[in-house]
Every structure is written in C-alpha cells, then in structure tokens.
C-alpha cells in the first residue's frame, strides 16, 4: 500500500509519467484481484463456507488457548445469537468442552457463556449457564442457549443485509476506480503538454 500511494503522490506532484503509470497499473491490479476474489467467493460459495467452517472449527478447538480468538468467538456468538458452526454440539471439538466420559474437565459437555440467551433483568452474566447443555436435545437446549449454528445465522445475516454488503463493496470500489481514471487523465494531460512543447 505504501508503494502504491508513494507512486501516486510523487507521480502527481512531480508529473512523472512512469510513477503515475505504475500507480495506475498497481491500483488496477489490486482492484481486479479484489473483484476476482469476490466473484470466486460468490460462485464457489460452498467452498467459501467450507473454508470458513475450517477456520471456525480451528477457533473452537483453540478457544481456551488464545484469548483473542476466544473474544472473537464470544463476540460472533453474541452478535449473531448462535452457538458453534453447525450447532451447539460443535463445542465437543474443544478439549475442555468435549463430551466424552474420559474428559476430566469441569466444563465437560458445556458451551461457552456467549451461547447463552440473556436473562431479562440479569446484571451479572452467569458464565456457567451452558454447563451440561451438550447432553440435552435441541428443544431442551433452546430454553437456555442459542442452539442454531453460526453458519446459518451468518448466511441469513448476509441475505437480509445484501444492500449493506453491496454498498460496502461499492464504497470500496469507487475510490479505486476514481484513482485509476484520474491517474489516466493526468497521464494524458502530461503527455499532451509534452507534445505541445515539442
């Protein structure tokens, strides 16, 4: 990014055609790469979902190992009102929440507190609200936690906020397109000045 902005800024200040062409080419390359990734992500949505699933599975497995990852998972589960990737039993992937009889952890068969539905009027968060939930069926678990997985909730959020997602994509694309067009205009003006002097 520094290289691209350096080429654009110095190229415009010094009216250097080579730097402006480098800026324009680099910006075009970045824009086309972003466009290709967006198109591939749209057409290969199943593979994109699988890749995100692998990331979330890794985040669940290392939930207690990395505080930043733990905070990220808690934030996602609270915001989307979901638990796990497919459903709340995905937390068995985690060493501490694993629901096997060999697991000596006190959190065996539990889910993180971020999966729990808030109790109205509760001022202190009950961090033990998800204990033993993985042994319950969907209807029983639905009384105390969000049993739906984050994959479905994320898809529903994107579908219900398509206008926002489109506006965000357009907001990122327009400055890049403007930079490309304006640099090409400046290049042609500089070349016109050079030919008129000669």
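Every residue gets a Cβ built from N, Cα and C, even glycine.
Small disclaimer: the values here were computed from a predicted structure and weren't measured.
Record features (TrEMBL):
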type: TRANSMEM; residues: 24-44; note: transmembrane segment
type: DISULFID; residues: 82-115; note: disulfide bond
type: DISULFID; residues: 83-99; note: disulfide bond
type: TRANSMEM; residues: 162-187; note: transmembrane segment
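When Cβ atoms from all protein chains are considered, those within 10 Å of residue 115 (disulfide bond) total 26, not counting its own.
Geometry remark: residue 115 (disulfide bond) versus residue 83 (disulfide bond), CA distance 5 Å. On its own chain, residue 83 (disulfide bond) has 77, 90, 91, 111, 114, 115, 145, 146, 147, 148, 149, 150 as residues at least 6 apart in sequence with a Cβ closer than 8 Å to its own Cβ. Other Cβ atoms within 10 Å of the Cβ of residue 99 (disulfide bond), summed over all protein chains shown, number 15.
Rounded to a whole number, the distance between the Cα atoms of residue 99 (disulfide bond) and residue 82 (disulfide bond) is 19 Å.
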